[in-house]
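To start, the structure itself, in structure tokens.
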Amino acid sequence: MYASREDIGYDFGNDSKVGSKPIKPNPNIDGGWAWMIVLSSFLVHILIMGSQMALGILNMEWLEEFNESRGLTAWVSSLSMGITLIVGPFIGLFISMCGCRKTAIIGGILNALGWILSAYASNVHYLFLTFGVTAGIGSGMVYLPAVVMVGQYFQKRRALAQGLSTTGTGFGAFLMTALLKYLCTEFGWRNAMFIQGAISLNLCVCGALMRPLSPKDVVSEKYVVRSNSEDNQAKALSHSAETIKSNGVLSEELEKKEEATNEEVLDSVQHTETGGKSRSGRNMYGLRILKTVSQLTVTVRKGFAVWYSSYFGAASLFTNRVFVAFIIWALFAYSSFVIPFIHLPEIVKQYNLSSQNNVFPLTSIIAIVHIFGKVILGIVSDLPCISTWNVFLMANFTLVTCILSLPLMQTYVSLAVVCALIGFSSGYFSLMPVVTEDLVGTKHLANAYGIIICANGISALLGPPFAGWIYDITHKYDFSFYISGLLYMVGIIFLLIQPCIQKKQPREKSTEEAQV
């Protein structure tokens, strides 16, 4: 097991030069503007994740309006939620090229456009394109930058910051449910979606708050992490770290060559522009356009190179075995959290507990406790003597135990207790960006977390239909929870096995050298 979060982390480049000269930390890291980033991310979670958890209100309106089957209509919400997460790796490309701020602003416009166009839907298939795809992609373009920016601005209190920002999901579930219900009652569902589209334009404001850190700030941030990690004696991932570092040096050399080539292109354009000052204004206008296009081309090529090297190059993220195990875990984990939200109402009906559930729904218990779970787990993980990785694993073990035991509970009180534990332990979602950053470093957080939420999106998209298919065969929901819980346990086992393998490899290598 890891002794501290720094033992998990490794960078994709040689930081020896960075650690040689102390640099004064930026006051905005772990303070100052960093809390504005938390506020921005909090609002993003309210407007995006909260709205998606309140889509049940619109789903009932769509069923009544279009008279389609429940399964077909439900795909509108599933597509929106799934695509928001699945497009993560491609959003990482936009972040590499444009930065978090521009990506989030464009995503806010696209999300609002999806809501507004959906107000004119004539059938469910129209909603697949406008709401499922358009609004879903826009949501993904805002969600990933919101998480990445918090990781960039915080080091000492990352878990707490991520916990506070992601509580917007729980608050948004309550606020957006009440808002959409009111709007649908007063103005109809079409006008409600139009108004919600206008509200979603506030995502552009949230994106504007995502002020990027300067290169000096990033260097300062790396130095602080390096100086703190020198005192740690556990080196569980030393083998993979050395491999990635060597690959990172090669990638840096390629980047330097690329930058040199790009500078030559810009210099030639600037020289042409200087020599053409004596020409007509029309030619000067054309040269400025050429210069702008050249700069844009350089930015796109550089961003694509970083994105490509993260996935397919010598410094690929997939060379880290623990990160690959983390992806496998993500493929099974998220569905175990989504399935109770989908099938709990039916379980309540089977046990004749509808009257009690109407007073205080079990799903509301999960949502409320989920908010406190994120904050409390974030505070605990930031304690100096506590390992974030250990807290993350303990929360996962608690959640999988609750999922497996849920079908055994047949009274409202027992179900409420298990649901409360599910809500609290699922607060580990706020630790996912922290663990990801510890695994790959801040530089590759956008691409790495994009892969993780993509795996979560696949899990969220396929998990509930799979559980429904199991019910159609067995006519019981018990097996749905058992199978999802066992698959979840497989993912956790992968997380436990890989660190042990990483520990053994350096020792085996040193033994062989001693024999030689």
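Each Cβ is built from the backbone N, Cα and C atoms, and glycine gets one as well.
Per TrEMBL, domain 'Major facilitator superfamily (MFS) profile' is recorded for 37-503.
Feature annotation from TrEMBL assigns region 'Disordered' to 259-279.
Beyond its flanks by at least six residues, the transmembrane segment (33-55) meets 76-77, 80-81, 84, 104, 111, 139, 142-143, 146-147, 149-150, 153-154, 161, 164-177, 179-180, 196, 199-200, 202-203, 206-207, 209-211, 367 of its own chain at Cβ-Cβ distances under 8 Å. TrEMBL lists 33-55 (among others) with the feature transmembrane segment.
Residues or ranges marked as transmembrane segment by TrEMBL: 75-96 (among others). Outside the transmembrane segment (75-96) by six or more residues, the chain places 48, 52, 55-56, 58-59, 62, 103, 106-107, 124, 127-128, 131-133, 135-137, 139-141, 143-145, 148, 302-304, 306-307, 310-311, 446-447, 449-454, 456-458, 460-461, 464-465 with a CB less than 8 A from a CB of the stretch.
Residues or ranges marked as transmembrane segment by TrEMBL: 103-121 (among others).
Same-chain neighbours of the transmembrane segment (127-148): 40-41, 44-45, 48-49, 52, 62, 75-76, 78-88, 91-92, 94-95, 100-101, 103-104, 106-115, 117-118, 121, 162, 165, 203, 206-207, 210, 433, 445-446, 449-450, 453, counting only residues six or more beyond its ends whose CB sits under 8 Å from a CB of the stretch. According to TrEMBL, the feature transmembrane segment maps to 127-148 (among others).
Tertiary neighbourhood of the transmembrane segment (160-180): same-chain residues 34, 38, 41-51, 53-54, 56-58, 146-147, 150-151, 153-154, 192, 196, 367-368, 370-371, 374-379, 381-382, 427, 429-431, 433-434, selected by CB-CB distance under 8 Å and a gap of 6+ residues from either end. What TrEMBL records for 160-180 (among others) is transmembrane segment.
For the transmembrane segment (192-210), the list of distant contacts is 36-37, 39-41, 43-44, 47-48, 51, 58, 100-105, 107-109, 111-116, 118-119, 138, 142, 145-146, 149, 179-180, 183-184: same-chain residues at least six beyond its ends, Cβ to Cβ under 8 Å. Sequence annotations record features per position, and here TrEMBL assigns transmembrane segment to 192-210 (among others).
The transmembrane segment annotation in TrEMBL covers 322-342 (among others).
Annotation source TrEMBL lists transmembrane segment at 362-380 (among others). Sequence-distant neighbours of the transmembrane segment (362-380) (same chain, 6+ residues past either end, Cβ-Cβ under 8 Å): 53, 159-164, 166-167, 169-171, 173-174, 340-341, 344-345, 348, 386, 391, 395, 415-416, 419-420, 422-431.
The feature transmembrane segment is assigned by TrEMBL to 387-406 (among others).
Same-chain residues lying 6 or more positions outside the transmembrane segment (412-435) and placing a CB less than 8 Å from one of its CB atoms are 5, 8, 147-148, 150-151, 158-159, 162-163, 165-167, 326, 337, 340, 344, 347-348, 353, 356-357, 360, 362-363, 365-370, 372-378, 381, 388-389, 391-392, 395-396, 398-399, 402-403, 405-406, 445, 449, 452. What TrEMBL lists as transmembrane segment is 412-435 (among others).
TrEMBL lists 447-467 (among others) with the feature transmembrane segment.
Feature annotation from TrEMBL assigns transmembrane segment to 479-497 (among others). Tertiary neighbourhood of the transmembrane segment (479-497): same-chain residues 322, 325-326, 328-333, 335-336, 339-340, 343, 393, 396-397, 399-400, 403-404, 406-407, 463, 466-468, 470-471, selected by CB-CB distance under 8 Å and a gap of 6+ residues from either end.
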Spatial neighbours of the transmembrane segment (322-342) far in sequence, C-beta under 8 Å, 6+ residues away: 8, 237, 240, 363, 366, 396, 399-400, 403, 406, 419, 422, 426, 435-436, 439-440, 448, 451-453, 455-460, 462-464, 466-467, 480-481, 484-485, 487-488, 490-492, 494-495, 497-499, 502
